[in-house]
Each structure stands twice: as C-alpha cells, then as structure tokens.
Amino acid sequence: MKYIIMQDVFFIVLLLVLAIPLGIYMYKVMIGERVFLSRVLEPVERFGYRLMGVSEAGMSAKRYAGSVLAFSAIGFVFVMAVLMLQGFLPLNPQGMKGLSFSLAFNTAASFVSNTNWQAYSGESTLSYFSQSVGLTVQNFVSAATGIAVLFAVIRGFIWKKQKTVGNFWQDLFRVTLYILLPLSLVLAILLVSQGVVQSFADYSVVETLENGAKQLIPLGPAASQIAIKQLGTNGGGFFGANSAFPFENPSSFTNLIEMLAILLIPVALVVMFGRAVKDSKQGRAIMTAMMIVFVVGIVAITISEQFAGPSYQGVATSGSMEGKEVRFGVGGSSLFAASTTAASNGAVNAMHDSLTPLGGLVPMFFMQLGEVIFGGVGSGLYGMIGFIILTVFIAGLLVGRTPEYLGKKIEPYDMKMVCLLILVPPLLTLFGTAFAVMMPSVQASVAASGAHGFSEVLYAFTSMGNNNGSAFAGFAADTTFTNMVGALMMLFARFIPLIAALYLAQNMAGKSPVAASSGTLSTKNGMFIGLLIGVVVLVGALSFLPALALGPIADFFTTFK
C-alpha cells in the first residue's frame with residue numbers, strides 16, 4: 001500500500017510541476033501575446049485566417065454561440081457521412097462496411113460533443129480513414145471548442161462595459177495551433193517510442209503457439225489518436241479495450257504519461273485562470289477545492305480495490321484484480337479510473353464494470369458532480385465557475401448582501417444561466433436512466449441482474465449525460481434506443497451549458513467592477529474552499545443519492561452475504 005501512496009503523490013507533484021508553466025503559456029495564447037512558438041506558427045496563423053476569411057472582430061454571445069453550433073453541425077454531418085460511407089472510402093484494408101444510421105448518429109454526436117462514448121469496437125468496425133480523418137479531427141476541434149468557450153467566459157470577468165466575448169474562429173484556431181497540435185505531436189512521438197502502434201499497414205496474421213492456429217493482429221494509426229484523446233479529454237479508444245490494450249498503453253511508463261496527459265490541460269487551465277484575473281490566489285483556491293475532492297476519490301477507490309470488501313475478509317490477496325491489467329495493478333488502475341472520470345475523459349485501463357461496488361461508485365459520482373473536478377478541457381472550469389457563483393450567491397443570502405465574484409455583482413439573470421449550467425446534466429442523466437430502465441431493449445442489454453444491473457444502466461446514462469464516455473462494459477450499448485437517446489443526451493449536455501456559459505460571460509463583460517469592501521466575501525480563503533466543496537458535493541448528493549442507493553450502494557451490501 002505504501003508504494004501505491006508514493007506513486008499517487010509522485011503523480012500529483014509531477015502533474016503540478018508540468019501544469020504551472022503550461023498554464024502561463026496558455027494565458028499568453030489567450031491574450032494574443034507572443035510565445036516561443038510564435039516565430040514558426042504566426043505565418044501559419046495569418047495564412048489560416050486569410051484562407052478562411054476570418055474577421056478578428058469581437059462577437060456577442062449570440063454570434064459566438066451560433067458559430068460554435070454551426071461549426072459543430074458541420075463536423076457532425078461530416079463524421080456521419082464518413083462513418084456511413086467508409087466502405088467506399090480509402091484506407092480501409094480490412095474492407096469495413098459503413099455503419100448503421102443509429103450507430104453513425106450516436107458516434108458523430110459522441111465525438112462532436114467531446115464525449116467519445118463508443119457503442120462499437122474500433123478494430124472490428126472502423127477503417128483507418130474513419131479513425132484518423134473522421135474521429136481524430138473531431139478530437140482536436142471539440143477540445144479546442146471547449147477551451148475557446150472558457151476563454152470567452154474568462155473575458156466576461158476581466159473585461160468591463162463590453163458587449164462582446166471574443167472571436168470564436170480566432171480562439172479556435174489559436175487553441176488548436178498553439179496548444180493542442182504541439183502537445184499532441186510531442187506525446188504521439190513519445191508513445192511511439194514506447195511501442196504504441198502507428199501504422200497504415202494491413203492487419204497482421206500470425207501463427208500462435210496453440211497448434212499453429214492463426215490470429216489476426218489489428219494495427220493502425222493509433223498513437224496519433226491516443227495523444228489527442230488523452231490531452232483533449234476525449235477518451236475514445238482506437239481499439240475496443242481502450243488503454244487496457246497493450247497497443248495503446250504497453251507499460252507502466254506509458255500509463256503514467258497517459259494519466260498526466262488526461263489531467264494536464266484541465267489543471268493548467270486553472271493556473272491560467274488565476275493569471276487572467278490577475279489574482280493567482282483565486283486560481284489556487286479553485287485548484288485546492290478540486291484537488292481535495294480528487295484525492296479523496298483516489299483514496300476511496302484504492303482502498304476499496306486493495307482490500308476488496310467483506311467477501312475477501314480473512315483472505316490474503318493483492319487486491320481485487322478482476323478486470324485489471326497485471327502490468328498496472330490496483331494502484332495504477334485506481335489512479336487511472338479516478339483521473340479519467342474526474343477529467344471527463346472516459347478512457348479506461350481496467351474494466352470499470354469489474355470494480356468493487358464502492359470502487360465503481362467513485363468514478364460514477366465524479367461524473368455526477370457535473371465533471372467539474374478538473375473536468376473536460378474548458379468545460380470543466382466553466383462548469384466549476386458556475387458552482388462558484390452558486391456558492392457566492394448562497395453565501396450572500398446567508399449574510400444579506402448582494403453577492404459578487406471578482407468584482408462583478410451576481411444578478412438574477414446570471415443565476416438563471418448558472419442554473420442551466422449546473423442542472424441540465426443531472427436532469428438528462430436521471431430522466432435518461434428512468435426512461436431506459438422501462439425499455440425492454442435496454443433491459444435485454446444489461447448483463448447483470450439486481451443492483452449491479454441497475455448500476456450498469458445508471459453508469460451508462462451518467463457517462464453520456466455528463467460527456468464522459470466511459471462505461472460499465474456489461475451494458476450492450478449498440479441498440480437503436482440507446483444510440484438515438486444517448487446521442488441527443490450527449491448533444492444537449494454539451495451545448496446547453498455551453499450556451500448558458502457564453503450568455504453568462506456576456507452579461508458579466510457588460511458590468512463595471514465594484515470595489516471590494518469589508519463585507520465582501522473572500523473567494524480565496526479556506527472557508528470559501530470548504531463552502532465550495534460542500535456545494536458541489538451537496539448538489540451531486542441531492543441529485544443522485546436515491547439512484548446511487550438503488551445501484552452501487554445496494555450492490556455493496558450484497559457483498560455481506
């Protein structure tokens with residue numbers, strides 16, 4: 001156990017060491033300041049603007065949101081077309097046929113919304129063209145969209161008496177060119193050097209040791225997709241087993257690299273926020289709140305998996321190894337599970353369906369908190385900002401003062417946008433789950449019975465309703481109902497909060513800051529950190545405790561038999 005603790009501490013320290021300079025770099029990218037890559041990339045940036053006819057004029061929230069929706073709609077149609085027509089497209093050495101309408105619809109919605117829910121196995125369903133041109137491109141632009149919207153939200157707090165929140169096309173292009181592409185290139189090269197597959201060759205047929213039996217070994221341009229799937233908190237695997245598959249994640253070292261990649265940008269964005277508002281203590285307060293919840297989750301899942309529950313009492317074991325890779329063990333699997341669900345990533349290096357009941361509860365609850373414990377790139381932090389405003393509002397009600405955050409007064413319109421930002425994902429999750437358990441097709445999709453069977457359904461719709469994408473693998477997802485309803489859930493969960501965040505930003509940008517007084521609530525001390533954690537956890541608990549009681553909590557009590 002002490003080695004697991006040392007591993008976790010080393011991981012968190014290394015993550016912070018890498019994230020701080022990256023956050024400073026991203027702040028410079030946000031404000032348009034020159035960076036060390038500018039000499040190489042500025043000509044590319046200018047050429048890109050001319051090629052696309054991009055105006056650098058500021059946009060209102062309405063126009064910014066319209067640009068996001070139009071761009072995402074084009075991407076959605078493009079991905080659907082690629083998936084349904086892949087049988088006629090190049091780079092298809094295995095002759096993969098086009099996907100059905102419902103599966104293509106679900107997959108397009110999944111990747112456009114940065115969810116990467118997969119109701120298919122990549123190596124047996126998709127061609128190289130579909131993976132690299134269709135899905136990998138969306139991994140870049142969906143991540144860039146989330147960061148661009150966060151830029152707009154931050155401007156709302158640092159600008160005053162403005163009617164605009166920035167330019168979407170400029171933000172999108174700069175995020176992709178200066179942040180995502182360089183990081184992905186470095187990570188892809190590093191992964192290839194460690195044995196991750198990157199090839200356009202045909203699948204390889206090999207002769208096994210079992211009486212000369214033949215086996216088909218899947219290949220493909222995996223490393224380039226894995227790099228951005230982790231950095232962009234996308235999570236969709238090139239292969240069906242995701243990061244549990246040796247061709248995606250061959251060693252403990254690559255496991256460390258991929259976990260760092262999952263959390264690197266979300267953590268760096270918090271650092272960037274502190275720089276942007278000219279008060280690093282604000283960023284540290286948010287970081288501390290996120291990190292406390294994250295560490296508690298790591299401890300809970302690790303203890304649950306290491307000691308395996310009442311069923312193993314009195315038995316000498318090395319922990320619950322069902323569904324885990326020996327090369328990662330309990331420690332590496334638990335840390336990965338916590339990271340991927342805290343960060344809205346969804347990649348897995350172990351089967352979450354095989355986690356102990358309480359071990360599976362932690363990833364589920366991380367998602368149900370609204371993916372704000374670091375969360376998705378961009379979306380996680382603007383979601384947390386919504387919770388911060390809610391916390392300030394509640395505190396203001398308690399003391400009878402007009403609430404304010406970063407010098408901007410919180411008004412009824414702001415709270416309406418915050419309510420949309422916070423409440424849409426849990427409502428989608430609960431309604432989707434309730435509707436699903438009544439459908440015969442969904443009941444037939446569940447491998448387990450009783451409380452664990454309900455947990456599989458709840459986890460699936462929690463994942464889609466919060467744009468995570470991971471799953472309890474016992475749930476058979478490729479049905480018309482799950483594909484269509486899940487696709488709509490993913491789109492609503494992505495774009496309704498996103499639009500609300502933009503309108504919140506515009507309203508904030510139009511205000512003049514007010515001077516802090518002796519009665520102003522400090523949002524950077526220990527008391528506020530505790531209050532913020534309480535609000536985040538309480539909203540999640542009030543929303544999901546009844547459902548959790550029917551699922552993983554009830555499943556835990558069955559282990560006492």
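Just so it is clear, glycine is given a Cβ too, placed from its N, Cα and C backbone atoms.
Sequence-distant contacts of the transmembrane segment (4-24) (same chain, six or more residues past either end, CB-CB distance under 8 Å): 256, 259-260, 263-265, 267-272, 274-275, 283, 291, 295, 298, 302, 306, 330-332, 334-335. Feature annotation from Swiss-Prot assigns transmembrane segment to 4-24 (among others).
Per Swiss-Prot, transmembrane segment is recorded for 65-85 (among others).
The feature transmembrane segment is assigned by Swiss-Prot to 134-154 (among others), with sequence analysis given as support. Within the chain carrying the transmembrane segment (134-154), a Cβ under 8 angstroms from the stretch's Cβ atoms is held by residues 30, 61, 64, 68, 71-72, 75, 78-79, 82-83, 107, 111-114, 116, 126, 165-166, 168, 171-172, 175-176, 179-181, 184, 224-225, 228-229, 231-234, 236, 265, 269, 272-273, 276-277, 376-379, 381-382, 385, 498, 501-502, 504-505, all 6 or more beyond its ends.
Taken from Swiss-Prot, the feature transmembrane segment applies to 177-197 (among others). Residues 25-26, 29, 35, 37, 41, 44-45, 48, 140, 143-144, 147, 219-220, 222-224, 226-228, 230-232, 246-251, 253-254, 257, 261, 264-265 of the same chain lie 6 or more positions beyond the ends of the transmembrane segment (177-197) yet place their CB under 8 Å from a CB of it.
The transmembrane segment annotation in Swiss-Prot covers 253-273 (among others). Same-chain residues lying 6 or more positions outside the transmembrane segment (253-273) and placing a CB less than 8 Å from one of its CB atoms are 11, 14-16, 18-20, 22-24, 26-27, 30, 143, 147, 150, 154, 179, 183, 187, 190-191, 194-196, 226-227, 230-233, 243, 282-283, 286-287, 290, 327-328, 332, 335-336, 339-340, 342-343, 345, 347, 349, 374-378, 380-381.
Counting residues 6+ beyond its ends, the transmembrane segment (285-305) has Cβ neighbours under 8 Å at 4, 8, 12, 267, 270-271, 273-274, 319-320, 330-331, 333-335, 337-338, 342, 355-359, 362-363, 365-366, 369, 372-374, 381, 384, 388, 523-525, 528-529, 532-533, 536-537 in the same chain. The feature transmembrane segment is assigned by Swiss-Prot to 285-305 (among others).
Among the features that Swiss-Prot reports, transmembrane segment is placed at 380-400 (among others), with the record citing sequence analysis.
As annotated by Swiss-Prot, transmembrane segment applies to 417-437 (among others), with the evidence given as sequence analysis.
Per Swiss-Prot, the feature transmembrane segment maps to 484-504 (among others). Listed by sequence, the residues of this chain that lie at least six past the ends of the transmembrane segment (484-504) yet keep a Cβ under 8 A from its Cβ atoms are 61, 64-65, 68-69, 72, 102, 105-106, 108-110, 112-115, 117, 119, 146, 149, 152-153, 156, 165, 379, 382-383, 385-386, 389, 414, 417-418, 420-421, 424-425, 428-429, 432, 435-436, 460-461, 464-467, 477.
The feature transmembrane segment is assigned by Swiss-Prot to 528-548 (among others). Sequence-distant contacts of the transmembrane segment (528-548), counting only residues of its own chain at least 6 positions beyond either end whose CB sits under 8 Å from a CB of the stretch, comprise 285-286, 288-289, 292-293, 361, 364-365, 368-370, 372-373, 384, 387-388, 390-391, 394-395, 422, 426, 429-430, 433, 458, 521-522.
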Contact call for the transmembrane segment (380-400) and the transmembrane segment (417-437): at least 3 Cβ pairs under 8 Å, seq gap 6+: yes
